[in-house]
Amino acid sequence: MKGIGGFYYVSDGKGNVFECKARGRFRREGLKPMTGDLVEFEALRGGGSIEEILPRRNALVRPMAANIDKLLLVLSAGKPAPDLILADKLLIQAEKNKIEPVILINKTDMDRIQAEAIRRQYACYAVLLTSARTNEGIGPLKEILRGKSACFAGQSAVGKSSLLNRLDPALTLETGGLSKKTARGRHTTRQAELFYIADCDAYIIDTPGFSMFETGLDKSETAVYYPEFRIAAQACRFASCRHDKEPDCAVKAAVERGDIPRERYERYIRIIHSLEEK
Ligand SMILES: Nc1nc2c(ncn2[C@@H]2O[C@H](COP(=O)(O)OP(=O)(O)O)[C@@H](O)[C@H]2O)c(=O)[nH]1
Ligand SMILES: [Mg+2]
Ligand SMILES: [Zn+2]
């Protein structure tokens, strides 16, 4: 469920949670239990010991989470202003790890026009408009999550924990973290933690927000993870086209026609140029 200070909290799936230590051999093998892991553990009096980590279906580094079907990328239509470069990088990471992304544009109650403008940039993805304040989109979100495991991701204070509280009224996760002062204080999510939502039979991982993120990709492979580039890219003159300064680029032509959102394309160029600088 979560790890804090060398302790790992393991659920037996029957409502009991055990505070476990990981076996020394994991450390020697460079393995560390992650939130979302399936493990074999030995229940001891007053705690337990993790004996095996079962093979992972997938594992994300940012946020740290294992075995997830869907990545819930939360963006704010109000404050904080959405960092769409960060969003694009998280989408790239999801594509690379074959995890289905779902974009949640939250805080629609603050700025619906901004919410619609963001939605238009991500037309090739599943996008849901939500408000943890007015409850907008919570019903459809439950259907998207039914029977799945999912992980929240996004900047801090976009409303990840608030949305999770809405999914299960029994949850009382700490929310806040909008002001700089409290960002390191009590009202913020400090580690990835998994929750079972009985209402939609889903396992959801809440995660702390972050702002810095590197995809760790090569600039020539980055375009592959843009679903809206894929069809157009087949018509580029060069098979190795990065859709930057190459001649006869069908992706750039699609941007000019308005078939690919210009903002997405311009951020793509910024992302690959920053890779070149490195
Ligand atoms: N107006 C509005 N505020 C929201 C909404 N969702 C969350 N908030 C507020 O935004 C702040 C940060 O929320 P929190 O859930 O802690 O964000 P997290 O850091 O992503 O988990 C809190 O003060 C919430 O009450 C929303 O849909 N509308
Ligand atoms: Mg939170
Ligand atoms: Zn091209």
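Just so it is clear, glycine is given a Cβ too, placed from its N, Cα and C backbone atoms.
Feature annotation from TrEMBL assigns domain 'CP-type G' to 57-213. Here TrEMBL flags 66-211 as domain 'EngC GTPase'. If you look up TrEMBL, you'll see Asn106, Lys107, Thr108, Asp109, Gly154, Gln155, Ser156, Ala157, Val158, Gly159, Lys160, Ser161, Ser162 marked as GTP binding site. For Cys236, Cys241, His243, Cys249, the entry in TrEMBL reads Zn(2+) binding site.
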For Val158 (GTP binding site), the one of Cys236, Cys241, His243, Cys249 that lies nearest, given that the binding-site residues are compared by Cα: His243
Helix, strand and coil residues within the domain 'EngC GTPase' (66-211) as assigned by DSSP: 42 helix, 34 strand, 70 coil
Most Cβ neighbours inside 10 Å, all chains, among the binding-site residues Thr108, Ser156, Ser162: Thr108
Residues near Cys241 (Zn(2+) binding site) in space but at least six apart in sequence (CB under 8 A): Ala233, Cys249, Val251
Residues flanking the Zn(2+) site, with Cβ no more than 8 Å from the Cβ centroid of Cys236, Cys241, His243, Cys249 and excluding those residues themselves: Ala233, Arg237, Phe238, Arg242, Asp244, Glu246, Asp248, Ala250, Val251, Lys252
Thr108 (GTP binding site) to Cys236 (Zn(2+) binding site) - Cα separation in whole Å: 38
Nearest of the binding-site residues (Asn106, Gly154, Ser156, Ser162) to Cys236 (Zn(2+) binding site) - Cα to Cα: Gly154
Segment confidence, the domain 'EngC GTPase' (66-211), expressed as mean pLDDT: 92
Position of peak Cβ density within 10 Å, selected from the binding-site residues Lys160, His243: Lys160
Contacting binding-site residues for ligand 3, chosen from Thr108, Gly154, Cys236, Cys241, His243, Cys249 when the Cβ sits under 6 angstroms of any of its atoms: Cys236, Cys241, His243, Cys249
